[in-house]
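A short worksheet on the structure shown next.
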Amino acid sequence: MARENLTLKLDHLEYRYHHAAGTLGEFRPRLAQTGKFFTAKGKRTSRRVSELLGGDAEELLRELDALRLQIFENKVYSLEKHLRVHLLKKTRQMSESAKVVTPAGGLKMDEFVPLVVKAKAIKVATGKVGKGVPWAQDHEYFAALREKTHVYNPGRVWNEVVCPMDGGVKLHGVLFNDKRVKSILETFDNGMDLFLNNRRERTARDGDKPESEAEVDDDDSEGSTSEEEEGEEEPVEHTEEQLEKYADMLVGTDDESDESSSEEESSGQKRKLPELMAGYYSGEEDDSAEEDLVARQQLSNKPERKNRRGQRARRKIWEQKYGTQAAHVQREYAKQREEREKRQAEYEQRVAKREARTNANLTALGERRPRDAAGGDAAGGAPVARAEDHPSWVAKKLAEEKLKNAKFSGKKIKFD
């Protein structure tokens, strides 16, 4: 069974509500298909749209608040689950290597992690939604934020659980400065921007500010709550000397950043907003793949890849910088020299073969011995027997001799 696209449903419901309330000009849909659907000109679609746009504004508002609460519940549930699973795994790895401290008040690490995760989720989620939102005021997160003695109140958890624990501040900083934790929080932040439909407003506001003004305070410090929430309580301060004795208790893992920020730093310190590292993460159990794809396209701020110079352009720069001493120029020279030497060697081999073939008959075979008239050797050896000539050869010789010695025997004729 296909999952219901709650973001698309929310977009359609808000469009219907603003149409019924007469404030459609102030509403900008999150998804492009919402505007296309309600402005379609087909007969069937127009009839269906006219039926949808005929609802009562108050009834639509109640449905809208219920849907918003459902989506918010899904998102915070997913945030808590992913943070809790990752941090429990991380603390178990640290416990095996005996590099994690024991929580205070008899708490076990399996109880400490869900407590700080819940407090962190409450602080992040309520800060994202804001105060005075009617549909969210009855949620348990806002109730925990209003009640100072609530077990999950962020200020109470920080001042009564984290700070009294030996090395608790540093442990909290190590856990929540983990790269995976930051990625989960950024994904939740992007999902809430899409849910609350404030992505365009945030982008326009940040675009008008210089880079120096786009920095915000470090969000990992639970002690730096707002004045309205923690006006009567003073956070416990820790000096560097007090924390140095716990430095050997905590060692960063592969997922930790190189410089983990501690909670004792002053709240006035500025830090830049981190960029999106892990893409879009839905944070909802009921979101469809289509919603995730649309959210990635709308919220991705990955910088464009710069084009690298081509090989010819780079070689031209090297030639201007190093001249004939450039590496590629020297390689070309060496290649030409090898080819020239190879051609010269092949030419010399061909010349040597040609000379050996033409001078074969010029080699002396030895001195010739004199022979006597009888056909024997001059040294008095026996004459060599001569083979008889062939009869045809003898006849030819005789015919040639007769032709040479023939006399003219013709008769002279005189014509009158």
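Backbone N, Cα and C atoms are what each Cβ position is placed from, and that goes for glycine too.
Note that TrEMBL annotation is computational and uncurated.
Annotation comment: TrEMBL describes 201-212 (among others) as compositional bias 'Basic and acidic residues'.
Summarising the annotation, TrEMBL assigns compositional bias 'Acidic residues' to 213-235 (among others).
Taken from TrEMBL, the feature compositional bias 'Basic and acidic residues' covers 236-247 (among others).
Residues or ranges marked as compositional bias 'Acidic residues' by TrEMBL: 253-266 (among others).
The annotation compositional bias 'Acidic residues' is assigned in TrEMBL to 283-292 (among others).
Look at TrEMBL and you will find 305-315 tagged as compositional bias 'Basic residues'.
With a threshold of 8 Å between CB atoms, the same-chain residues lying at least 6 positions outside the compositional bias 'Basic and acidic residues' (329-357) that come near it are 319, 322-323. Sequence annotations record features per position, and here TrEMBL assigns compositional bias 'Basic and acidic residues' to 329-357 (among others).
According to TrEMBL, the compositional bias 'Low complexity' annotation covers 375-385.
As annotated by TrEMBL, domain 'Bud22' applies to 136-416.
Marked as region 'Disordered' by TrEMBL: 201-391.
If you take every residue in the domain 'Bud22' (136-416) and average the pLDDT, you get 68. When the compositional bias 'Basic residues' (305-315) is classified with DSSP, helix, strand and coil residues number 5 helix, 0 strand, 6 coil.
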